[in-house]
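**Q** Take this structure first; my questions come after.
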Amino acid sequence: MVTMYYDKDADLSFLQGKTVAVVGYGSQGHAQAQNLRESGVKVIIGLRPGKSWKQAEEDGFEVVNVDEAAQRADVIQILLPDERQAQVYQDSIAPYLRAGQVLLFSHGFNIHFGQIVPPADVDVAMVAPKSPGHLVRRVYTEGGGVPGLVAVHQDATGNAKNIALAYAKGIGCTRAGVIETSFREETETDLFGEQAVLCGGVSELVKAGFETLVNAGYEPEIAYFECLHELKLIVDLMYEGGLSRMRYSISDTAEYGDYMSGPRVVTDATKAEMAKILKEIQQGQFAKNWIIENQANRPVFNAIRQSERNHPIEEVGARLREMMSWIKK
Ligand SMILES: NC(=O)C1=CN([C@@H]2O[C@H](COP(=O)(O)OP(=O)(O)OC[C@H]3O[C@@H](n4cnc5c(N)ncnc54)[C@H](OP(=O)(O)O)[C@@H]3O)[C@@H](O)[C@H]2O)C=CC1
Ligand SMILES: CC[C@](O)(C(C)=O)C(=O)O
Ligand SMILES: [Mg+2]
Ligand SMILES: [Mg+2]
């Protein structure tokens, strides 16, 4: 059994009197910065001039360039896109690092795959919410929190874990439960989860279901409601009470079909492919491909992103969601 850390196990005073620079104000940046501020932590935002800068100022933060943020902060949380972190670190953070500062990450990619190698006299730790940033914020404002992982890569001060736990408390993660792990374990499991299950796996499953129905002559609107919209409602039940709660709420007809047909969709071949995906992540092949793709200005990524945006399920979904005023667009 792993050790779980909750609010009572984390002490926000480890961040008292300290300045936290949140570098980046995107999905995670805006959420973590706002949650921390509401937990009483002094936060400044490090950015380049642009859209996020304006947004962070509108949200009431002091915004400075990354070089200044790195100089002023005691704790630097790097919430830039993974593929940009190494360059910004090299240009605007590394030159100013001083002994005893704390470098934080929310994903281990750059440390684990050796793209960022900090000096030995700074703490290097991770607080990784197991949630999209916008939900880190939404769940916190509703009085809850999302689970998180903490890890320590380097403990120069002897306090790296306490600071990571305090930060996890500040963003609400210890309300839900925090697990201590390693940069390696977080990186490999996070990449696997997003590729094989949460993002890649689910998107392909949804599209395949939609296409099967539409190709068989059913209405795209019905296919959308069945294969995408209702997925959220079904997953809400799993979130609340696991697979059992979902199966309690659905009909016995659906439950019987679940047991009979589910294993025909996710077959041994699918599981073998999942194992291959995991191996490629563990061996660094995925990271290498992603780094090279960015160095080449993302030709494959951009082409697929465009064709995915044009998938018929996106057109029909946008039209149907227009009528649902309660869904944030
Ligand atoms: N997205 C998520 O929910 C999750 C992300 N993570 C991890 O969190 C980290 C941040 O990811 P995410 O929040 O998705 O990132 P986003 O892509 O949402 O954030 C981008 C932010 O970085 C800024 N930025 C980009 N390039 C630069 C630059 N060169 N100099 C200064 N600022 C820059 C952008 O500003 P501008 O407006 O100027 O472009 C924007 O504010 C990653 O390590 C990711 O793996 C972990 C868990 C979940
Ligand atoms: C599932 C994708 C994720 O790992 C996340 C929201 O946790 C990410 O990198 O965005
Ligand atoms: Mg993740
Ligand atoms: Mg991820």
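Each residue, glycine too, has its Cβ placed from N, Cα and C.
All annotation found in TrEMBL is predicted automatically rather than curated by experts.
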**Q** Out of G133, G143, G144, which does TrEMBL tie to the same NADP(+) site as Y25, G26, S27, Q28, R48, S52?
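**A** Candidate in the recorded NADP(+) site: G133.
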**Q** Based on Cβ atoms within 10 Å, give me the single least packed residue among the binding-site residues S27, Q28, S52, S251.
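**A** The binding-site residues S27, Q28, S52, S251 were compared, and S251 has the fewest Cβ atoms within 10 Å.
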**Q** Quick one: mean pLDDT on the domain 'KARI N-terminal Rossmann' (2-181)?
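**A** Residues in the domain 'KARI N-terminal Rossmann' (2-181) carry a mean pLDDT of 98 in this prediction.
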**Q** Which binding-site residues from the set G26, Q28, R48, S52, G133, S251 have a C-beta atom lying less than 6 Å away from ligand 4?
**A** none
**Q** What is the interatomic distance between the Cα atoms of Y25 (NADP(+) binding site) and D190 (Mg(2+) 1 binding site), given in whole Å?
**A** 21
**Q** With helix taken as DSSP H, G or I, strand as E or B and everything else coil, how many residues of the domain 'KARI C-terminal knotted' (182-327) land in each class?
**A** 123 helix, 0 strand, 23 coil
**Q** Helix, strand or coil by DSSP: which one applies to S27 (NADP(+) binding site)?
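**A** Assignment for S27 (NADP(+) binding site) reads helix.
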